[in-house]
Amino acid sequence: MGRDARPKKSLGASLHSRIKESRVLMVGAGGIGCELLKNLVLTGFGEIHLVDLDTIDLSNLNRQFLFGMQHIKKSKAIVARETAGKFNPNVKLEAHHANIKDPQFNVKWFKGFDLVFNALDNLDARKHVNRMCLAAYVPLIESGTTGYHGQVQVIKQGETECYDCNPKQVPKSFPVCTIRSTPSQPIHCIVWAKSYLFAEVFGTSEDSSTELDQGQNEENAQEIANLRREASELNSIREKMDSPDFAKCIFEKVFGRDIDRLLSMEDMWKSRKPPTPLDHAKVLEEASGIGPEVAREDQKTWCLAENYAVFADSVKRLSQRMLELKAKAKEGDAPPILSFDKDDEDTLDFVAAGANLRSHAFGIELKSKFDIKQMAGNIIPAIATTNAITAGLCVLQAFKVLRNDLQSGKMVFLAKNSDRAFNAEKLAPPNPECQVCGVARVSVEANIAVATLGDLIEKVVRTELGYGEDISVLTSQLLYDIDYDDNLDTPLKELGFEDETFVTIVDEEEGEGVVPRANLEIVVTHSEELADETITVPEKIEIPRKPKRSTAPEETTGEAIKHALEDNEDGGVAKKRKLNDGLTFIEDRPNKKRAVVPDADADLIVLEDDGAITID
Ligand SMILES: Nc1ncnc2c1ncn2[C@@H]1O[C@H](COP(=O)(O)OP(=O)(O)OP(=O)(O)O)[C@@H](O)[C@H]1O
Ligand SMILES: [Zn+2]
């Protein structure tokens, strides 16, 4: 039987030939990406481009099965192409070891694809690809996993929600005073050891750390000033890095004197358990028989003396590295620093032992190095099976896009502790208030070294597109508004424009009966051929008016599932919750098995007309 026979039979001849003719892009060749590339290649997608900026790390190998030990430090994109290429020689594979934000991957390049898949791990790159796909009118299949949870979303300009239609959760932060003065959980001590202690001794100061919320009120401000003083004292201890007493100096300061100072603030401990300073001489004596090899016992919770032994030994190793870097540095170089990396044993040992010593002083539970690694790296373990299922769901959604059947496209959620492994909801229409997809779009060409901001505003925005006086013009910063016209005579290049810069025009007209236009996004492409300040003007387009502000949006099914899970984690009381896609969850009583009662119209598996079984 030929290679094509099976996919042709299961997918149907017309979808199969569309797949063979398609040219797709996959961004990210990590956990989801490896699984997805295998699926795309075996399904027979005609031409696949893959982009990944990273190289292969040992910690990737447990789930990124296209890579082996021999590939460590090699490009993910290139090795993924080599390995997956062997699965199906009929597929044309092209690998780019690069950042998807690089300028060569411009809107024109995106336009060359029928479909884009995101298999990324960060918000910034996801938002970028979302925007490029919207501008290029190319459908995007967005996916992500965290532990046992997975999600797949189909995005198409003008037809569905985009990645930015719903605000995304920002990473968790902690009040600085909890971290530095009143920790009550292991995570507080881990953040302290990583973002403060490590940074002050071996890295850059924590003032810029995003994990610390500086807080606004007066009392905090006073405490923050004290803490800054403490940090600068610690910074001066750094000068003693080449002394054999370096670990002792750090220990006596942060686990001794600093804790004494905290204790002297009696008000702080009225309703909290006060900490106990650690006595260096005593701990040193207890640790006398313990060798540095204890650091390898990463699943065990070390006792106080073992933590001290690891702390002192890691200080020795890290100091040695710093001194070597200093010796190698050339005159005029910035002073060398080390950065925390969960996969760097020396930095991890220091953070694990430092966090535990602080926990001990504050009467908080100690943690194993293994647990601290997860927490310090903000890692929820990646699960190969979740990635594999999610990658499979991406391909099933891709079939619908290629069939031009977005109506049956779905937002699919994968969850371990919900009643059903899969939950799906219909694709929502674009949010009219979205600042990213709820915009009108035009493209213009200009020689950015010559054309000024004034040329762009007068020739294009006002004359061609009919805007009035009251507008704001922004890139990542405000360039112009009615009270700020300093940049009008400045060439675009000097305002930070590169080839393909996205400029947003906000109509600020106000008044009785005036409905401002929706935001306009102008993509400015650089053209050397335009020798003067000419700007090619776009076709006349109708810019829609802004919709009226909507009231609070209804809870989506995904959110409802999340809330159902959260509610359930708390109690486990029997409740019945109806989700808006017609699934009914019967949540369990303690010790009783869950039951799922699908509504009549809520099918999990449907038999599609061409014979393929699809999880819908
Ligand atoms: N801007 C970008 N351009 C290209 N590739 C990117 C970009 N941002 C992230 N990636 C890639 O996306 C992939 C995401 O994969 P994954 O979530 O499995 O992360 P990982 O780095 O491989 O694993 P882990 O973070 O768990 O160590 C990574 O290979 C990463 O290099
Ligand atoms: Zn949007």
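We count from 1, first residue shown onward.
Glycine is no exception: its Cβ is also placed from the backbone N, Cα and C atoms.
The domain 'THIF-type NAD/FAD binding fold' feature in TrEMBL is assigned to 11-436. Under the heading ATP binding site, TrEMBL lists 28-33, D52, 60-63, K76, 121-126. The Zn(2+) binding site annotation in TrEMBL covers C162, C165, C434, C437. The active site, glycyl thioester intermediate annotation in TrEMBL covers C177. The domain 'Ubiquitin-activating enzyme SCCH' feature in TrEMBL is assigned to 313-373. TrEMBL lists 445-529 with the feature domain 'Ubiquitin/SUMO-activating enzyme ubiquitin-like'.
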To the nearest whole angstrom, state the Cα distance for the pair the residue listed as 'active site, glycyl thioester intermediate' and C434 (Zn(2+) binding site).
36
To the nearest Å, how far is the Cα of C165 (Zn(2+) binding site) from the Cα of D124 (ATP binding site)?
15
CB neighbours of G31 (ATP binding site) within 10 A?
24
Got a sec? Which of these binding-site residues, D52, D121, D124, has the most Cβ atoms within 10 Å?
D52
Can you list the residues of the same chain, besides C162, C165, C434, C437, whose Cβ falls within 8 Å of the Zn(2+) site's Cβ centroid?
L134, E161, Y163, D164, P430, N431, V436, G438
Which binding-site residues from the list G28, G31, D52, D121, C162, C165 come close to ligand 1, meaning a Cβ under 6 Å from one of its atoms?
G28, G31, D52, D121
Got a sec? Which of G31, C165, C434, the binding-site residues, have CB under 6 Å of any ligand 2 atom?
C165, C434
Counting each residue once, how many in the domain 'Ubiquitin/SUMO-activating enzyme ubiquitin-like' (445-529) are helix, strand and coil under DSSP?
16 helix, 28 strand, 41 coil
By Cα-Cα distance, the member of binding-site residues G31, D121, D124 nearest C437 (Zn(2+) binding site):
D124
Set of same-chain residues at least 6 away whose C-beta sits under 8 angstroms from C162 (Zn(2+) binding site):
N130, L134, I155, P430, C434, V436, C437
Could you tell me the mean pLDDT the prediction assigns to the domain 'Ubiquitin/SUMO-activating enzyme ubiquitin-like' (445-529)?
91
Which ones in the same chain are close to N62 (ATP binding site), with CB under 8 Å and 6+ residues apart in sequence?
A384
Run through the domain 'Ubiquitin-activating enzyme SCCH' (313-373) and tell me, per DSSP, how many residues are helix, strand and coil.
38 helix, 0 strand, 23 coil
If you count the other Cβ atoms within 10 Å of each Cβ, which of the recorded positions C165, C177, C434, C437 comes out on top?
C437
In the chain carrying G28 (ATP binding site), residues 6 or more apart in sequence that have Cβ under 8 angstroms from it:
V51, D52, N118, A119, L120, D121, A125
